[in-house]
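Enquirer: Pasting in a structure now, in structure tokens, and then I'll have a few things to ask.
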Amino acid sequence: MNSPNESDGMSGREPSLEILPRTSLHSIPVTVEVKPVLPRAMPSSMGGGGGGSPSPVELRGALVGSVDPTLREQQLQQELLALKQQQQLQKQLLFAEFQKQHDHLTRQHEVQLQKHLKQQQEMLAAKQQQEMLAAKRQQELEQQRQREQQRQEELEKQRLEQQLLILRNKEKSKESAIASTEVKLRLQEFLLSKSKEPTPGGLNHSLPQHPKCWGAHHASLDQSSPPQSGPPGTPPSYKLPLPGPYDSRDDFPLRKTASEPNLKVRSRLKQKVAERRSSPLLRRKDGTVISTFKKRAVEITGAGPGASSVCNSAPGSGPSSPNSSHSTIAENGFTGSVPNIPTEMLPQHRALPLDSSPNQFSLYTSPSLPNISLGLQATVTVTNSHLTASPKLSTQQEAERQALQSLRQGGTLTGKFMSTSSIPGCLLGVALEGDGSPHGHASLLQHVLLLEQARQQSTLIAVPLHGQSPLVTGERVATSMRTVGKLPRHRPLSRTQSSPLPQSPQALQQLVMQQQHQQFLEKQKQQQLQLGKILTKTGELPRQPTTHPEETEEELTEQQEVLLGEGALTMPREGSTESESTQEDLEEEDEEDDGEEEEDCIQVKDEEGESGAEEGPDLEEPGAGYKKLFSDAQPLQPLQVYQAPLSLATVPHQALGRTQSSPAAPGGMKSPPDQPVKHLFTTGVVYDTFMLKHQCMCGNTHVHPEHAGRIQSIWSRLQETGLLSKCERIRGRKATLDEIQTVHSEYHTLLYGTSPLNRQKLDSKKLLGPISQKMYAVLPCGGIGVDSDTVWNEMHSSSAVRMAVGCLLELAFKVAAGELKNGFAIIRPPGHHAEESTAMGFCFFNSVAITAKLLQQKLNVGKVLIVDWDIHHGNGTQQAFYNDPSVLYISLHRYDNGNFFPGSGAPEEVGGGPGVGYNVNVAWTGGVDPPIGDVEYLTAFRTVVMPIAHEFSPDVVLVSAGFDAVEGHLSPLGGYSVTARCFGHLTRQLMTLAGGRVVLALEGGHDLTAICDASEACVSALLSVELQPLDEAVLQQKPNINAVATLEKVIEIQSKHWSCVQKFAAGLGRSLREAQAGETEEAETVSAMALLSVGAEQAQAAAAREHSPRPAEEPMEQEPAL
């Protein structure tokens, strides 16, 4: 009964019947075949004579008819039951077979897995064993290398010990050591300078070798300096010649007057150390050609035919002949070629008066220095032919070299060495003092022209950042000659214990000059006091420069001497001086130079000069943002020499004004009244190319989104569109460490605000410790960084981030002070992610937060509004002012419930302590489907930002202008579709606050086209240029559901602190056009209600006047007057 089609099923009451095929089902007999056997005893009913054989009886039909239907049904049921049982058995057999096969396959699979795992473990073990072997081999190689290195070191040490032993046991006739190349070069330079010392009698002003020509050694108050000696022809520093037929009775020691400023004790101690330095091979710090920086300056060698003798006028000598040009000494401290007299600058330089009469050019000398009016007549006069330009440039250069060399060696000049270069104003004071004789003028003018030539040559070749200043030229030349001549420098002579001066005409002349000089100092002091009062009244007193921690005490002393003693030509700008930036550049660009060498490189900048070599040619100083200290400086008249008799007793000394550093003005021009330079009241733009140096060492800008091309592209776009020409370009500077510490910790400031070469010097408290070099991670590109995207450049990043902060400070201070209308800072790296002690998200120092703090501290700005529309939340700015009620921080950023960088900025973060309610976060949620666009940002400004800002009423508005929400930025760094045009309109709305004092600072944004378009739109709005109108589709569009939900939540939270936003909750879903119409209708309704209320009040007042009874005390008209 096994059926091949056992899987078929049956429907109905007997499903098991389907197990059998239909053919078998039809073969089931309907009737039961019964083969009856008749009883044998039964006679045949039909027998008769049929032959006797019984015939079978046909009972089929009868039996069939007689079978019971019930029996048939039972039989069928039994058969069906049997079939069902057989089917169940078959099912059980099949299931048992399936289970058996499944178990078998499972066991096979487990065996295969175990085998595979065993193979993997064996392979892993083999790999680990190979790595262990490789590491072991590497370790063995390293150990072998170390052993080899140790052996080499031991061998080298043994060799050195052997050499030292040989040197110790050497004979006296042998050399003691083999000098290095540097020692050889310095020794050769020393020997050459010694060999070039002139022989006596070389020129007409040389001192004859006669024993009587050397005077006595005059002792000074400083008895610690030993007497100097030298070979023949080199006079000792304190032995003085008696020139010509001058009688030795008139020789008198020099006396120190009250007009000479005392030098700092520290400078004196350092000078004493320099004097005691005996070996010429040691490093000299008093020369200008020894230091690394000064090696770049021009070294003028070569001497004219017939070298002159060495300096014939030394301090302490009697009055010498005017024929020696080196004895021409001006009152302002220029000593010409006198190598043994340190220069000291008086606080005020002399300027030419407008009335150039001959009497006003009468010259006199300082009574503490040798006079030039005694002795023989000068053989050189100055004529117009001597001041004529040489036709050949090479001849003129050769003449200048010979002149300088001759002056270094103590000789004088002839007419052919004169130059036509204009004399700087700071040197004109030299020509106003000295002898009134024509020969005194000639000798003095030679010095002035020669010093100017040397300054110009050194300026053309020296490093641009540290150009030579006319105020320092005299000292540079003097120190240079001291280096070449190898004559020791000593301190200025002090008051001696000598007898009173003889009553000679020369002595009387010096007394008169001393009295006049004291009168001049008194007048000068009065002028300074009056000028200080004027500046204080007008509120334009310049700020004192804040010192950088990296400036040493010696550098500060040197700068004060330059600014006060020599008369600095410019006043420091806000919080910084040019000398500070120069000092920082020295530290960063030439780190091997020490502080003493950098002291000599202080630059006194011109007001019109560039900020440095790093600044592009199009960056110029648009005007002095902070007024000069001396407002009476005037253009100078050309220098003219008059031959006038000396009449010191009758000509009063005129107080001279401070001179400019520019050359003298052409003759005949009248000096216009000096007015303080003011900025145009327009938009200021600040940018500095030094910020371009902050980049990864790999140099691949495609890997790093925050690269230097961002600000370069924006600057180029503003130039191409002509917007830059309408703006005031502001010179940037580097922020000081003290300014940065207003927001950041000292540890963070030192770590990211200093370069590794000067970090240890500045870290006096040892805050960084030994781990300062281990704070950075190695990036996949090969560079280093704070994290995976915030790169760091050890050499340039510290200066670049400080420059970004300083640029924004300069711009914001000028806007807050009313010098500029508004401003846009093109700076990088950004800063709004930088927290107090954490650098992240391309940010190191929070420029906007530092600016807000300093505006409040230094300019007393009351309330500051910071609007941050960067797509990333400004977690650093929020942290800085979270508890400050004077700074309102409003941020519009993508939040996505904390799933977007940096994850902060929830709407519930409203501030803490007294600053509750002064932190507003418009945190967009819902992702980028649909993206947030113009409609949503404009709606947020209409309903949240501007109402709260107007109620806050800030004094200054700072904007963290990140443009990564502009369309074109992909989702990881953006994802929104705000147009660049929209940011222009947002800027225009912010300009209605704080009287228009709005400063935008570039933050994020990495698509160059997008940030250029947005920057152009913002600058156009700041300049009040007509903006492109928004599309009508934008005005008709309604904000999306996610934005409406975000704004509803923000209004719900902020309405507890700002009641002005509550009325906008109902109209968040309206389009801009509908909102404008509603606001217009509301305004008209309010106006109508106001008119109705006024009319009703007037009617009520009139009715009250009509019905009110007349007071009893008021008499009626008909009543007679009493």
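One is the number of the first residue shown, and numbering goes on along the chain from there.
Glycine residues also receive a Cβ, built from the backbone N, Cα and C atoms like all the rest.
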Enquirer: Quick one: which of T31, T292, T473, T536 has phosphothreonine in Swiss-Prot?
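Expert: Cross-referencing T31, T292, T473, T536 with Swiss-Prot, phosphothreonine lands on T292.
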Enquirer: Which range, 41-60, 161-180, 401-420, does Swiss-Prot list as region 'Disordered'?
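Expert: In Swiss-Prot, the region 'Disordered' feature sits at 41-60.
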Enquirer: Of S337, S394, S661, S904, which does Swiss-Prot mark as phosphoserine?
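Expert: According to Swiss-Prot, the phosphoserine annotation belongs to S661.
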Enquirer: Where H833 (active site) and H704 (Zn(2+) binding site) are concerned, what is their Cα separation in Å, rounded?
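Expert: Given the Cα positions, H833 (active site) is 17 Å from H704 (Zn(2+) binding site).
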Enquirer: Far apart in sequence but close in space: which same-chain residues, 6 or more away, have a Cβ under 8 Å from C696 (Zn(2+) binding site)?
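Expert: Spatial neighbours, sequence-distant, of C696 (Zn(2+) binding site): V703, H704, L779, C781, G783, G785, V791, N793.
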Enquirer: Between the recorded positions H704, H833, whose Cβ has more other Cβ atoms within 10 Å than any of the rest?
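Expert: Ranked by Cβ atoms within 10 Å, first place goes to H833.
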Enquirer: Looking at Cβ-Cβ distances, which residues of the chain lie under 8 angstroms from C698 (Zn(2+) binding site) while being 6 or more apart from it?
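Expert: Set apart from C698 (Zn(2+) binding site) by at least 6 residues yet with Cβ under 8 Å, we have L779, C781, G782, G783.
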Enquirer: I want the residues beyond C696, C698, H704, C781 whose C-beta is within 8 angstroms of the mean position of the Zn(2+) site's C-beta atoms, in chain order.
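Expert: For the Zn(2+) site the neighbour list reads Q695, M697, G699, N700, V703, L779, G782, G783, V791.
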